[in-house]
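TrEMBL has this to say about the protein:
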| type | residues | note |
| --- | --- | --- |
| BINDING | H426 | heme b binding site |
| COMPBIAS | 42-55 | compositional bias 'Low complexity' |
| COMPBIAS | 1111-1131 | compositional bias 'Polar residues' |
| DOMAIN | 950-985 | domain 'EF-hand' |
| DOMAIN | 986-1021 | domain 'EF-hand' |
| DOMAIN | 1385-1490 | domain 'FAD-binding FR-type' |
| REGION | 33-73 | region 'Disordered' |
| REGION | 1109-1138 | region 'Disordered' |
| TRANSMEM | 727-749 | transmembrane segment |
| TRANSMEM | 1162-1183 | transmembrane segment |
| TRANSMEM | 1195-1220 | transmembrane segment |
| TRANSMEM | 1250-1270 | transmembrane segment |
| TRANSMEM | 1305-1328 | transmembrane segment |
| TRANSMEM | 1335-1356 | transmembrane segment |
| TRANSMEM | 1362-1381 | transmembrane segment |
Amino acid sequence: MALKRNLMGQLLLHVTMGFALLYTKDLEVKAQSELPTPSQQPPSSDMTTASTMTTPSPPTTQSPQPSFDKPTKMQWAKAGNKIKLLEWLIEGCWSENNQPCPEAKEPEEVEYEGYDGFYNNLARPDLGAVDTPLLRRWPAAYKDGVYEPSGHDRPNPLDLSEQLLKGEIGTMSKTGKTALLVFFGQQVVEEILDAQRPACPPEYFNIKIPESHPYFRNKPHHSEMPLLRTRYDMRTGFSPGNPRQQLNEITPWLDGGLIYGTTKAWSDHLRMYENGTMAPHGLLAASNGGLFPDYNKVRLPMANPPPPFYHGEFIRKHETFKVDRFFKLGNPRGNENPFLLTFGILWFRWHNHLASYLNNAHPQWNDEKVYNEARKWVIASQQHIVINEWLPEWLGRKLDTYKGYDPSTDPQIDQFFQAAAFRFGHTLVPPGVYLRDYAKNDCMLVKNVSKESRKKDLIINGTVRTCNSFWRPQDFIEATTTEGKFIDIDRVLMGMAFQLCEEEDHKIVEDLRGRVFGPLEFSRRDLMAINIQRGRDHGLPDYNTARQVFGLKRINKVTDFKYVDRKIQGAFMKLHNNTLDNVDVWVGGILETNNGPGELFTKIIKDQFTRIRDGDRFWYKNMNNRLFTKEQVGRLEQLSVYDIILSVTELNYDDIQTNPFVAPSQDNGLNDLHPKCREVLLNKNCTRQNDSQDFLCHYLPQINVSKVEECTEPETYDYFSGSEESFIFTFIGNGLLILGFVGILFSLVRHKKKEQRERMSRTAEMARQSFRTERHLIRYSVFEWVDQKSPLRPVVVVMNPDNKQLQVRNQVGHLLRAMDLAHGQLIEVYIISDGRHLMLRVRNDYDLVLKFESEYLRENFLQGFEQFIQQVGVTRQRITMALPPALRQAVTRKDRQMRLEMFFRVVFSQAFKISHSEDEILKLDSQAAREIIYTELTRSEFAEALSMPAESEFVRKMFSLVDKDRNGFISFREFVDMLIIFAKGTADDKAKLMFDMYDINATGQLTQADFKNMIMSLMENVRADVQQQDLQTAINTILSAEGLANKDVITVEDFQRLLSNNEGRLGIDQLNLTGIPVPQGKVAALNRRTFIDHARVTVSSIYRDVREPMSETTSNTDAVHSSVRNDPTIDNDQENNRKEEPIESSFWISIKRNIENYSREIFWLALYTFVLLAIFAERAYYYSVEREHSGLRQIAGYGVTVTRGAASAMMFTYSSLLITMCRNTITVLRDTFLHIYIPFDLAVSFHKYIAMWALVFTVMHCIGHAFNFYSISTQTSDDLTCLFRNFFHSTHEIPKFHYWCWQTITGVTGILLTLLTALMFIFALPLARRRLYNAFWYTHSLYPVFYLLMILHGAGRLIQPPYFYYFFLGPCVLFTVDRLISVRRKKVEIPVLKAELLPSDVTFLEIKKPNDFEYKSGQWVRVACPDLSTSEYHPFTLSSAPHEKNLTIHIRGVGPWTTNIRRIYDPNLLGENPLPKIRLDGPYGEGHQDWYKFDVAVLVGGGIGVTPFASILKDIVFRSNMQHNTACKKVCRLLYHMKIIQ
């Protein structure tokens, strides 16, 4: 640095010497020119010689020296000389002829002022920082003391504005204040205060519009004027001790925030061009050759309300203007109007003017240094001009003398200042501003501008209308004159400097009072009403309290407002109910106005700026911050706004007065103005505000109604407009797609049926091979009507006279049903008169309804049928009937099964003392109950009840045993007799059991006829040697002896008395059949055996046949069975459990039984449901109560409550579904103690239960969003930006429904989730699972996509942060691990060793057991057949036992896959081909795999459901043979319709 200074010094020395030599040479030339002529020469030649030889003496005048005084405006305020002002200001000297100044001292390294206000006060770093609460000098006066607005009992703000503050335009300031002073004041408030941004979420505090108000009677015809409450500290507003505190979003310091922004990042963007390059030399990025700041192409978040002037264009286009049309400024609202923008550009140019000078003066500085130094001088200039120039003219007095920095001072903006006092300037705002030309152009008003399409009639009579200029300042600043030059800020400044503002009073021009800008839905609002409402929003106390706060006396009478006429005073008192104790601060303060702010406002404003100045550590006069020297401070205080304006514009010094805040006068540069400018001015007497002295002020003619255009009218906007089509098409489209899924389902089903028919027709020829060995049989191809809901199925009716059967087979040849005519005497033939149908009916069977393709085929069938019934010897009865009544009375298989189910239900409920009522168990009337008694079973039905083939030896012998009358059917009486024989207990118990079984309705009495039938059946069982006639006589004799012959009904007491008196005669002692072995010699001794004897013989033969192959282990098995049979504990427990209970009502019995049987299931379902509903309720409560006043809640009402609650419930349910899908985990847990408490067996059922809840909440969520999205689409863009801040949209865009639905990740994923959910649930219907299992499987396999969409749906953060992972993470990890286990398990192809087609569409497969395949009896596997599909797996229980070398499964054909399995393993179709292989996945656990852990195991199953018990029963035998020690001592197996106790 020293070396540089030496070099600089040497350079200056050489330059000085050069100037000296040149100066000497000039003197010589001048001296020679001034030498006398020869006539004037002295007579002495010596003198001449001497004079020519002598060097001329130095001149007597000294060379010009640099000046240290401020240059005059004539010296610097002209083109080419404006740099001299900066030389003086910064260096302290200037030279008119570029004379060198003394070497300037290099500025010290100092702390530059920050941007966000933090650490201005080192003791309290956040004091005066951005986003800190406004200052309260008095406790908040909220209605509830916490946050509800004050002033609820004060007059309507619109009434106050309309009746007290209304005034005509064209009044003039009484003190000579200019429009430039007023709009400079706006940029001052924008520098220190920004507390107008709405809170988020938005809180509406609308102002009701009186019916007499123009807003109601005329446009926009609204009932409320919209207004949003301002932002506040979210940590406040919870209690009276912590009331709501509003925020100042910028710093209260005069720190250049208006110019540079309040963050370093914002400041950097002001220096950066669109291409990302930084402006060099510490400059702010500029456009238009440096005239204006750069355009906002980077889209800084600057305020961008819609200009009311172009409202019609916005309605047509459904968008406003883009934010990139604005200039980049430090103040986001700096582009509000051309007058405010003028000062923003002014300060921008002042910075670049300083930066350019500093860069040239200090070439060694880097750009950052230049920028910060220029910024330092700009901030200091601003501080000085605001406090020392502008504020005295505004208040009419100066602040007290600065005494230095006071760190104890809080500079924050006072609530009274923000909401009332500083809004005093509204009364001064003119309705427009003149645009005036330069003095060189005669100071004429600018009237000729180039007209563009959007700028037609831009300037009228040389004025810019205030109300029509909002948010379109570039239209005026960038407008060009006819000469092609910008209007620029020069003409605006010149016009404002000569124009008086409006009069200092309480009247406001319509540009603010009724025509200020507003949102699209209310384009013109009343700023005065907003002022009043804002004070109430902030909880300000009343006017008199505010006066008391600032040490002023209270106003007790309206006449104290002495500057208000009596008419206004009267209206004031009427509005306030003749009291002055509940007046808004703004209203009372503005009524004090006279020449300037009233007493209260003056106090508030003075206090505020004093605190701002004294509390600022970086104040330019605080010498401790070392920012400036005393000399620099002295020069700063000589700087004026006039100097700055002339420095950065093309104005000459004679274009405006010296103090442009006050009108020109003799004391304010009037005489320095160009004569042409003085000619256009008018004059009047004005009064100085500070000393009330009159002076003659000069001004342009005041703007009135005749000189300006009218303000555009208030307009409205429907935000839903433009969304109608997308809203309708979206929901209709989704609905149609969902219906399309349903249509696809049914289309696929029909296509599947068509394929099946085609496949069946192709295999028909192969099927006929099964009939070639039966050529003597008569066959007919027809369609069978099954029931009302089932489609017709193609069948082959075979008339077999040998077996006396009418057989119905499928087209492959498998027997579907057989109508046995061997025991029937009559067959009813119903001829359908209005169709090609035929119905056949026989006793004890369901009807056969056939449809023929033509009448001819039906007649052909009838002819063959006539021959058939003649061969079998059956009587035929023909009946003609129409089709509908015939189908209504047809007994279908389902009807027959229900009748049989009632049959067995009655039998078993009576036999085993099951507590029931007629309504619960039978659900029949007494007549139907009697029909049950006379129901008879065929042998095929009896076999089906046992789940065994009708041709099996067991079925044949048991049926023969039970069918005592040999009529080919088992009646109710016969079935009861059998149960009595096998029932356990004494003979009395069995007799009592018989009575109870005949007493179906549990009335305790029988009719005499039923009683006789019961006694006859009893005696037939024990006295086979008695003839039928003798039995009738004996029964009548017994009844007469007991006095029962004449009784219509016999009670249970009568029966018990009869038994005790006639036990020997009835022989009931023989009913005590306790075992199978037959007494020695008894069978051979009796020629005619009793029914009991027949039972002994039959059962003995059956079980002997079964046990013969196992004789080698008989001794061991008998020992085990003996120990089991003789265990008294188990028997006693069973007897106690079978004690008859009192009969209760059906309702309570149903409740009790369900609770007993499903206690664990009920508990877990109830617990899950409770948790699920609690999750729903928590979110619903949160958005209904805790967020009741939030914007979204206010917009969507309770729709958001429903959708958010449903969303959380959906997250829980869909996450829970994954747990039920963890098969491996469930299998492992089933072997732990947890299976005692948790019903793992119901995983699939629980999966369905959860899925149903998920569907319910999904539907709720979707329907709720249909309403929510409508509500959202009707809201303002700003509100939606606040509510959905994670969904960015440009400020010019008006988001429509299609934006939210189709242009956001939440909307798109929501649509996809809805459709995917519909697809999965539709194809999970029983119809799809039964007929289109592949479609069900493939759609359900989309669950990874579903969960991915769920994650993305929440990641959009539309309403709340992502919430799904709270529910999803745990189940997802568990499910992933479980799936990895399944993937690692080897799925091998295994050969099928044996395949057999069993009745009831059951297919038996014997499979080779894979190596290392271990399982427990009762477990299940997943099976796939590669010949059908390699990925389609179905679960089946293993019917083999673990010790067997092969695996066996039984597959019942109930769907496409199982039906196809039966087809591909059909030996008739396979021929010589090998059996197709299968794949296994498993084993997986079931609840009955741990049967051996319990003392008593009761196995209950029906139909194909008994297959796991085959595995268990085999395991029992194996364990018994191996003498395996197990806890189980007794196994009870309850089949469907049959219970066998071993």
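Glycine is no exception: its Cβ is also placed from the backbone N, Cα and C atoms.
Fair warning: this is a prediction, and the values are worked out from it, not measured in the lab.
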**Prompt:** With the transmembrane segment (1195-1220) as the reference, which stretch in 1162-1183, 1250-1270, 1305-1328 has the largest tally of C-beta pairs below 8 Å?
**Reply:** 1250-1270
**Message:** Counting only residues 6 or more past its boundaries, what in the same chain has a CB within less than 8 Å of a CB in the transmembrane segment (1305-1328)?
**Reply:** 730, 734, 737-738, 741-742, 745, 749, 1251, 1255, 1258, 1262, 1265, 1287, 1335-1336, 1339-1340, 1342-1343, 1345-1346, 1349-1350, 1352-1353, 1355-1356, 1358
**Request:** Report, as numbers and ranges, which residues of the same chain sit near the transmembrane segment (1162-1183): CB under 8 Å and 6 or more residues beyond its ends.
**Result:** 1154-1155, 1190, 1192-1193, 1200-1202, 1204-1209, 1212-1213, 1216, 1238-1239, 1246, 1249-1250, 1253, 1257
**Message:** As a quick check of your reading of DSSP, tell me how many residues in the domain 'FAD-binding FR-type' (1385-1490) are helical, how many are strand and how many are coil.
**Reply:** 17 helix, 40 strand, 49 coil
**Asked** What else in the chain is close to the transmembrane segment (1362-1381), if you only count residues 6 or more beyond its ends and a Cβ gap under 8 Å?
**Response** 1207-1208, 1211-1212, 1214-1216, 1218-1219, 1221-1225, 1347, 1350-1351, 1353-1355
**Complete:** In the same chain, residues at least 6 away from the ends of the transmembrane segment (1335-1356) whose Cβ sits under 8 Å of its Cβ atoms read 745, 748, 1211, 1214, 1286-1287, 1304-1306, 1309-1310, 1312-1313, 1316-1317, 1319-1320, 1323-1324, 1328-1329, 1362-1365, 1368, 1372, 1431-1432
**Request:** Would you mind listing the long-range same-chain contacts of the transmembrane segment (1250-1270), meaning Cβ under 8 Å and 6+ residues beyond its ends?
**Result:** 720, 727, 731, 1168-1169, 1172, 1176, 1196, 1199-1200, 1202-1203, 1206-1207, 1209-1210, 1213-1214, 1216-1217, 1220, 1297, 1300-1301, 1310, 1314, 1317, 1321, 1324
**Prompt:** Can you give the mean pLDDT for the domain 'EF-hand' (986-1021), rounded to a whole number?
**Reply:** 67
